[in-house]
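Student: Here you go, one structure.
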Amino acid sequence: MSQLVQVAVGVVINANQQILLSLRAAHQHQGGRWEFPGGKIEAHETPQQGLTRELHEELGVQVQSAEPLCCITHTYPEKQVALNVWWVTGFSGDVEGKEGQAWRWVPAKDLSQYQFPDANTPILRAIEKKLGLTGP
Ligand SMILES: Nc1nc2c([nH]c(=O)n2[C@H]2C[C@H](O)[C@@H](COP(=O)(O)OP(=O)(O)OP(=O)(O)O)O2)c(=O)[nH]1
Ligand SMILES: [Mg+2]
């Protein structure tokens, strides 16, 4: 199996309980699916530094407050990823698709209507749990 790729992912939530999604470009791995923004952590970075850099590069926002949400390891046919997922409750700046990608704020309860990379199912469960959206 190829190397494990470490990825920092941000679940950015605003005051209206909406979550920021961004569309993966067609040419990317898992292209055409919606994602929680983020990307590969560089060798010299901590996961939180990677998160902050990626959200700034991809969406032009500055992370101000974040805590770990969950960690997921997933094996795709072509690579294995470790997603270091952060719950981002504070940021500054206006969101912009810096890489030309579509993005949108989605009510947390509507996330299941979107197609995400296969690894993301546990992230959706973690968000529901965090927000108390799970049934009895
Ligand atoms: N950002 C992000 N990546 C995800 C999610 N779910 C998931 O399986 N991944 C995978 C897809 C990719 O293989 C990897 C993330 O890498 P990436 O393509 O965003 O990396 P990057 O921003 O550094 O961009 P690049 O090197 O491809 O230019 O993690 C998700 O919700 N968000
Ligand atoms: Mg990325």
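If you go along the chain as it appears here, the first residue is 1 and each next one adds 1.
Each Cβ is built from the backbone N, Cα and C atoms, and glycine gets one as well.
All TrEMBL annotations are machine predictions without curation.
So TrEMBL says this about it:
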- ARG24, HIS29, GLU35, PHE36, PRO37, GLY38, ASN120: 8-oxo-dGTP binding site (BINDING)
- GLY38, GLU58: Mg(2+) binding site (BINDING)
- 4-131: domain 'Nudix hydrolase' (DOMAIN)
Student: So what's the average pLDDT for the domain 'Nudix hydrolase' (4-131)?
Tutor: 97
Student: To see if you understand the setup: which same-chain residues, six or more apart in sequence, place their Cβ under 8 Å from that of PRO37 (8-oxo-dGTP binding site)?
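Tutor: The answer is VAL9, GLY10, VAL12, LEU20, SER22, GLU54, LEU55, GLU58, LEU59, TRP103.
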Student: Taking the Cβ of HIS29 (8-oxo-dGTP binding site) as the centre, how many other Cβ atoms fall within a 10 Å radius?
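Tutor: Its Cβ shell of radius 10 Å holds 12 other Cβ atoms.
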Student: Inside 8 A of the center formed by the CB atoms of ARG24, HIS29, GLU35, PHE36, PRO37, GLY38, ASN120, which other residues of the chain have their CB, for the recorded 8-oxo-dGTP site?
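Tutor: Going along the sequence, the neighbours appear as VAL9, SER22, GLN30, ARG33, TRP34, PHE116, PRO117.
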Student: Which residues of the same chain, at least 6 positions away in sequence, have a Cβ lying under 8 Å from the Cβ of ARG24 (8-oxo-dGTP binding site)?
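Tutor: Counting only residues 6 or more apart in sequence, the Cβ neighbours of ARG24 (8-oxo-dGTP binding site) under 8 Å are GLN30, GLY31, GLY32, ARG33, TRP34, GLU35, GLN101, PRO117.
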Student: Could you tell me which of the binding-site residues ARG24, HIS29, GLU35, PHE36, ASN120 have their C-beta within a distance under 6 angstroms of some atom of ligand 1?
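Tutor: Among ARG24, HIS29, GLU35, PHE36, ASN120, near ligand 1: HIS29, GLU35, PHE36, ASN120.
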Student: Sort out the sequence-distant neighbours of GLY38 (8-oxo-dGTP binding site) for me: same chain, 6+ apart, CB within less than 8 Å of its CB, listed by position.
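Tutor: Result: VAL7, ALA8, VAL9, GLY10, GLY50, LEU51, GLU54, LEU55, GLU58, LEU83.
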Student: Reported in the order helix, strand, coil, what are the DSSP residue counts of the domain 'Nudix hydrolase' (4-131)?
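Tutor: Helix, strand, coil within the domain 'Nudix hydrolase' (4-131): 33 helix, 53 strand, 42 coil.
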Student: Just report the maximum Cα pair distance in Å for the recorded 8-oxo-dGTP binders ARG24, HIS29, GLU35, PHE36, PRO37, GLY38, ASN120, no decimals.
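Tutor: With ARG24, HIS29, GLU35, PHE36, PRO37, GLY38, ASN120 as the binding residues for 8-oxo-dGTP, the largest Cα distance is 14 Å.
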